[in-house]
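The structure appears below as structure tokens.
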Amino acid sequence: MPRHGVSPGQGHPGCGRETESDRSRGSPRLRLLWTGLALALALALALALPDSLVLWAPAGAHPLPAQSHPARFGRLVPQLRNAFGWWNLTCPVCKGLFTAIDFGLKKEPGVAWVGSMATKLCKLLKIAPPTVCQSAVQLFEDDMVEVWTRSVLSPSEACGLLLGSTCGHWDIFSSWNISLPAVPKPSPQPPKPPAPGAPVSRILFLTDLHWDHDYLEGTDPDCENPLCCRQDSGLPPASRPGAGYWGEYSKCDLPLRTLESLLSGLGPAGPFDMVYWTGDIPAHNVWHQSRQDQLRALTTVTALVKKFLGPVPVYPAVGNHESTPVNGFPPPFIEGNYSSSWLYEAMAKAWESWLPAETLHTLRIGGFYALSPRPGLRLISLNMNFCSRENFWLLINSTDPAGQLQWLVGELQAAEDRGDKVHIIGHIPPGHCLKSWSWNYYRIIARYENTLAGQFFGHTHVDEFEVFYDEETLSRPLSVAFLAPSATTYIGLNPVSPPSLQVTGSTK
């Protein structure tokens, strides 16, 4: 079982050591099998560490560029071939290797030797600095092995990834469709300007706060790790200044005092009728996080929001950094210590003063919910981690995880029947999701364009939007998703004052 709840490096026997059981696997065939499994873990870390030295390339003001799995893995393939002499690896041999890996996982999952080998590969491929490799493997290995044991990844798909499309097709996330009701779609109604003197509601939009508990003024803001300005970042060279008191324009997150200053300054900008808070509370030190760390971030920042926003209702959404390992959100059919119940239960407790009791049921099951903040308006908070390319648990089954999209259809149809308008909030924007998930979401938005009044997401850290067009002509805009910028400076960004939204006129 995974040892969540302890800091990385604790309670992981044998990582970096060879045990008696490991020495019994000395035959070349078994060594090849476990080396292949270790390679699979190292590749998975390349996805899970988006800021690794191999994959991280700052894209100007856009620190989180969307890349497909093949594109990102493709950058590693030349190094893999050079390291292992795989230029002459044939397709049949590759498929035989991964067939053996599948067999080995089912027979003896979770061996410590795999973690040791994956750490060596992580260092060899320069996925991250050595200390980050060590901690990341220890943190991710149990969950990753559990996923691969359950997953439907075929040898053909794995070899298509490594050797190209002539050996197999990398498309484990196969197409699927949700069901739309037989109720005919009403004729599209263009938005109408509100009548003069119509009532106005003001909504505060918070996202990507990323509090770093270990931020330390004066430390190196340009260290070798994926996240700097921290106690373990060391001091900068004499020629460069250290991290600032309030934050730093570098790959650094924020101290609590900066978030406190930001939230305390919202009073003069108010009053607000409600707050949309679309997630990502912890820092980006994703290689060294425990469940206790994530829950501390959740409770600390939630208390800070309550302190400065007082009685204003806050409606949160779950970010991809709330869990540990990062991006790891198992569907509800995963039970026991691997499930996300530890996180959802904590959220239900922390947010119960903001959310009606009836919302806590779906929040506890899958991290999503719906409520009516005012007559005529329905708010739907989605767990966008069930659409994420980086959620490795979706390797088991990516078809509408938790039934969330089918649930969304039911909510939208009920709102249409009542004549209500709907706002959708979430963390990861739909355009950054898995292909089949995005396609189904697009179909839903197109069907309920008259009912949907707004969509609000975060995650990209910059101020942008996504436009949805009708499916037939791809020329008539029917909806827009607003993506708010981050509060954190990561990477090299200004801490942005949260935008406020004005909802004018009747929601009917």
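The backbone N, Cα and C atoms fix where each Cβ goes, glycine too.
Pulled from TrEMBL, these are the features on record:
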REGION    1-24  region 'Disordered'
COMPBIAS  15-24  compositional bias 'Basic and acidic residues'
TRANSMEM  32-57  transmembrane segment
DOMAIN    87-171  domain 'Saposin B-type'
DISULFID  C91-C167  disulfide bond
DISULFID  C94-C159  disulfide bond
DISULFID  C122-C133  disulfide bond
BINDING   D208, H210, D280, H461  Zn(2+) 1 binding site
DISULFID  C223-C228  disulfide bond
DISULFID  C229-C252  disulfide bond
BINDING   D280, N320, H427, H459  Zn(2+) 2 binding site
DISULFID  C387-C433  disulfide bond
Cα proximity to H427 (Zn(2+) 2 binding site), best match among recorded positions C122, C228, C229, C252, D280: D280
Local Cβ density at H427 (Zn(2+) 2 binding site) - other Cβ atoms counted within 10 Å: 28
D280 (Zn(2+) 1 binding site): nearby recorded positions from C122, N320, C387, H459, Cα cut-off 10 Å: N320, H459
Length of the line joining the Cα atoms of C387 (disulfide bond) and H459 (Zn(2+) 2 binding site), in Å: 13
Neighbouring disulfide-bonded residues, C-alpha within 10 angstroms of D208 (Zn(2+) 1 binding site) - of C91, C122, C159, C167, C223, C228: none
Among C122, C133, C252, C433, which are disulfide-bonded residues, the residue with the most C-beta atoms within 10 angstroms of its C-beta: C252
Additional residues around Zn(2+) 1, ordered along the sequence, whose Cβ is within 8 Å of the centroid of D208, H210, D280, H461: T207, L209, G319, H321, G458, H459, S486, A487, T488, Y490
C229 (disulfide bond) versus C223 (disulfide bond) - Cα distance in angstrom: 8
Tertiary neighbours of C167 (disulfide bond) (same chain, Cβ under 8 Å, six or more apart): C91, C94, K95, S156, C159, G160
Nearest of the binding-site residues (H210, N320, H459, H461) to C229 (disulfide bond) - Cα to Cα: H210
Shell list (Zn(2+) 2; ref centroid = CB of D280, N320, H427, H459; cutoff 8 A): T207, D208, T278, G279, G319, H321, M384, N385, I428, G458
